[in-house]
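Trainee: Here's a structure for you.
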Amino acid sequence: MAGALHSSCCPALLLLAVLLVTLSPGNAFYLPGSYMHTYSQGEDIWAKVNSLTSIETEMPFSYYSLPYCLPPGGIKKSAENLGELLMGDQIDNSPYRFRVNVNESLFLCTTKGLNENDAKLLKQRARDLYQVNMMLDNLPVMRFAEQNGITVQWTGFPVGYTPAGSADDYIINHLKFKVLVHEYEGTNVEIIGTGEEGSAVISEMDKKGMSGYQIVGFEVVPCSVKRDPEDFSKLNMHDNIEPVSCPVELRMSQVIRQQERITFTYDVEFVKSDIRWPSRWDAYLKMEAGAKVHWFSIMNSLMVILFLAGIVFIIFLRTVRRDLTTYEELDKEAQAQMNEELSGWKLVVGDVFREPTCPKLLCIMIGDGVQILGMSIVTIVFSTLGFMSPASRGMLLTGMIILYLFLGIVAGYVSVRLWRTIKGTSEGWRSLSWLTACFFPGVMFTVLTILNFVLWGSRSTGALPISLFFTLLALWFCISVPLTLVGGFLGTRADQIEFPVRTNQIPREIPARKYPSWLLVLGAGTLPFGTLFIELFFILSSIWLGRFYYVFGFLLIVLLMLVIVCAEVSVVLTYMNLCVEDWRWWWKAFFASGSVALYVFLYSINYLVFDLRSLSGPVSAMLYIGYSFLMAFAIMLATGTIGFLTSISFVHYLFASVKID
């Protein structure tokens, strides 16, 4: 989630990509990223700016909400996809012009004297650690800073800063850019563009005319330089000026105060690089902690899986199989006598398939869980294969929404078929399908609407425009709801799952227990949580600290292991409940694995308190807790569904093997 931002990708393009992988005769193949650009000597390139962001407030604001220089020709917004809008991105053109392979120092503009409002806003944005997010040829600007003797890499540069021990705030008004270019001569590389420029395949004929320079790196050193506005009064935008070094003394830096006029300038240096186009994102995507931490997470998960697999092995082979073999070897008279001496799970044979409490809610949650789980698996698989490029902002989120909408047919089918299995009839399947289509999206819309009002009140670009609300509602009612109803109809036509034993008319009394059974259910969630908590740290860092997350291969492995652990935990807990003659296993099987969501939410709060200490203000905390709740709720539905479906299969197999009248 996060970190790598993307745009939508259609199935036809994916099919085309697979065919090209199979049939391409070229020397190399490159899938991720936008369409490759080559520039000629001296060609103009204009940088773009995204929303201002801060790890302290998590509320994005428009770049031009601050008194920056306006581009010639006015502000023009770039086309944004659904994912970008939901992420709060607002991409605009900027006045920063670059001429390929031309090193120069340029003047931008001098502002009017800052009024009280502008001065106060600039000071606030500087103190809240807001970053300017600039892009050149779709590459985010990168800067390097020294922290405790270690070079730290960041994307973007600060609006301003407040030196330690100083009451004044200073604005960043001079930027020293370094643009890395690779000289391209048209080698045999076939490229499929999946980015914002649309899809394209470069043919052999195209390659011959594409020699030139490619942008493979974009770095900045931000400075605050005090200048006399009168010295620049006769200059126009993009006039050449004398280069300047970043001052060390504060008296030479540009302070933010009322009536102060601020002059904006920048230097550009082009440097030739051996970095090739397909590798230009490597600097952004390299893992700070290295692969060892992820491998440690995987090994930790494997130990949990092996431990649980051993318990399941003992249950099946040493206990269940032994009981079944002993039972089948007896003659009918001995079986009848044994039926009177049954103990443990065999005693609940007449109640094990008794209808659970709130069966409709259970069916709805299982249907939505299948939908979320399917969306997650497909998204991570496609990301692992390289279809979700970080060069295409919003692609990941857009792809997830589209997958969720179309998987409504699976949700409707599963929920209605489970309803028929429990009730023995299809009556009420329409209302069930409607509720399945509305349950999880309804919770999402309610929480997001509350958070959106908070963002609207703060005038943040993270607030969803009303038009987007109607777009999402239209997608929901025109695609997801009809497909869920179609899935429900197919569920009524599918073969009904028959229970292997009859249910008694009078429920069996459940023996008293020394400790509440729900205590064991809550404790079971710690095992699935143990398989994902390390990867969860990287995902949360990606979402809240603005870092790129692109190790989807590791995430896919962790997801597969999480599925296995959830299945094993649920089976073990269900068997333990049946052994103490507790036939109310339906909801316990769901929450045995679904309770991992509780620990995910608690870990998110722990991350807020100890790792995200810079987050300030009740509004920011409210946003964080709201989004964390939605994440935990989705995880509960997905993991609970895994546990329930595994447990019902286990119970069905177990009692189908016993012939008790």
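Cβ coordinates come from backbone N, Cα and C, glycine included.
Keep in mind that TrEMBL annotations are predicted by a computer and have not been checked by a curator.
What TrEMBL records for 1-28 is signal peptide. The transmembrane segment annotation in TrEMBL covers 295-317, 370-389, 395-419, 431-456, 468-490, 518-544, 550-573, 585-605, 625-655.
Help me picture where these features are in the structure shown.
Mentor: Among residues of the same chain six or more beyond the transmembrane segment (468-490), those with a C-beta under 8 A of the stretch's C-beta atoms are 82, 85-86, 367, 401, 404-406, 408-416, 429-430, 432-434, 436-438, 441, 445, 452.
For the transmembrane segment (550-573), same-chain residues at least 6 beyond its ends with a Cβ under 8 Å from one of its own Cβ atoms are 3-4, 285, 287, 291, 294, 297-298, 301-302, 304-305, 308-309, 311-312, 315, 376-377, 380-381, 383-384, 388, 390, 520-521, 524, 527-528, 531-532, 535, 538-539, 588-589, 592-593, 596, 639, 642-644, 646-647, 650.
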Trainee: Please report, as numbers and ranges, the same-chain residues at least 6 past the borders of the transmembrane segment (431-456) whose CB is under 8 Å from any CB of it.
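Mentor: 59, 360, 363-365, 367-368, 371-372, 408, 411-412, 415-416, 419, 462-464, 469, 472, 476, 480-481, 484-485, 487-489, 619, 622-623, 626-627, 629-630, 633-634, 637.
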Trainee: Should anything in the same chain at least six residues away from the transmembrane segment (625-655) have a Cβ under 8 Å from its Cβ atoms, list it; otherwise answer none.
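Mentor: Same-chain contacts beyond the ends: 320, 345, 349, 352-353, 362, 365-366, 368-370, 372-373, 376, 440, 443-444, 447-448, 450-451, 497, 499-501, 528, 543, 562-563, 566-567, 569-571, 574-575, 578, 585-586, 589-598, 600-601, 604-605, 608.
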